[in-house]
Amino acid sequence: MMPFNELVLASHNAGKLKELQAMLGTAVRVRSVGEFSDVEPEETGLSFIENAILKARNAARVSGLPALADDSGLAVDHLGGAPGIYSARYAGGQGDAANNAKLLEVLKNVPDAQRGAQFVCALALVRHAEDPLPIICEGLWQGRILHAPRGEQGFGYDPLFWVPERDCSSAELAPADKNQLSHRARAMALLKARLGIA
Ligand SMILES: O=P(O)(O)OP(=O)(O)OP(=O)(O)OC[C@H]1O[C@@H](n2cnc3c(O)ncnc32)[C@H](O)[C@@H]1O
Ligand SMILES: [Mg+2]
């Protein structure tokens with residue numbers, strides 16, 4: 001049983017919000033933190049988990065509701081896991097297109113065998129702003145970085161992320177398929193199991 005019937009999603013990213021909402025379905029009434037505040041908390045943590053907790057606490061504080069945050073990113077093997085927790089700010093906070101262009105440039109001339117990467121997602125759920133026991137669930141998605149963007153779906157690094165099990169980029173997947181396979185889908189499946197929702 002879901003321990004509450006309303007939940008605020010602690011994200012300002014439209015792509016993420018859409019995916020999280022689709023995955024949660026009708027189990028709970030979902031609000032977005034943007035309804036309560038435009039101020040994005042600084043992501044000062046050193047891990048996906050710390051940043052997810054920090055965003056969840058902030059959303060619970062401004063909304064007075066239980067909050068679910070997602071901190072995610074792309075970890076590229078050849079770059080020692082970069083951009084990692086800095087994925088959103090990789091090109092200095094200039095947005096997805098600039099981040100993707102920088103990644104392609106940094107990996108120019110790097111052969112396929114060394115272009116392995118994984119998407120990482122940490123979900124943090126807090127029942128209230130000072131919850132001493134946040135629920136944390138993680139998900140990983142293995143793939144490879146393409147040499148040029150492909151596909152129009154999704155958001156962020158999706159056009160550069162090759163999905164070996166489907167032979168296409170993650171931006172070429174139908175949204176419903178991405179929501180079955182992705183790092184976020186895996187973390188959400190664990191969270192739903194933990195909360196006892198189907
Ligand atoms: O913090 P919030 O408000 O949730 O929104 P954000 O976009 O800043 O989110 P993060 O701090 O977690 O940074 C995630 C970065 O990783 C990228 N990313 C995460 N999940 C992704 C996915 O499923 N597909 C493509 N890129 C993704 C995303 O585009 C960002 O650059
Ligand atoms: Mg962020």
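Using N, Cα and C of the backbone, Cβ positions are placed for all residues, glycine too.
Automatic, uncurated: that is what TrEMBL annotation is.
Substrate binds SER11, HIS12, ASN13, ALA14, GLY15, LYS16, PHE155, GLY156, TYR157, ASP158, LYS178, HIS183, ARG184 as TrEMBL records it, and from the list SER63, SER72 the residue named for this site is SER72. All protein chains considered, the CB of GLY156 (substrate binding site) has 22 other CB atoms within 10 Å. For HIS183 (substrate binding site), the same-chain residues that are 6 or more apart in sequence and have a Cβ closer than 8 Å to its Cβ are SER72, GLN118, PHE119, VAL120, CYS121, GLY139, LEU140, TRP141. Neighbour counts of Cβ atoms within 10 Å were taken for the binding-site residues GLU42, ASP71; the minimum is at GLU42. When the binding-site residues SER11, ASN13, SER72 are compared by the number of other CB atoms within 10 angstroms of each CB, ASN13 has the fewest. Taken over all pairs of the listed substrate-binding residues (SER11, HIS12, ASN13, ALA14, GLY15, LYS16, SER72, PHE155, GLY156, TYR157, ASP158, LYS178, HIS183, ARG184), the Cα spread reaches a maximum of 20 Å, rounded to the nearest whole number.
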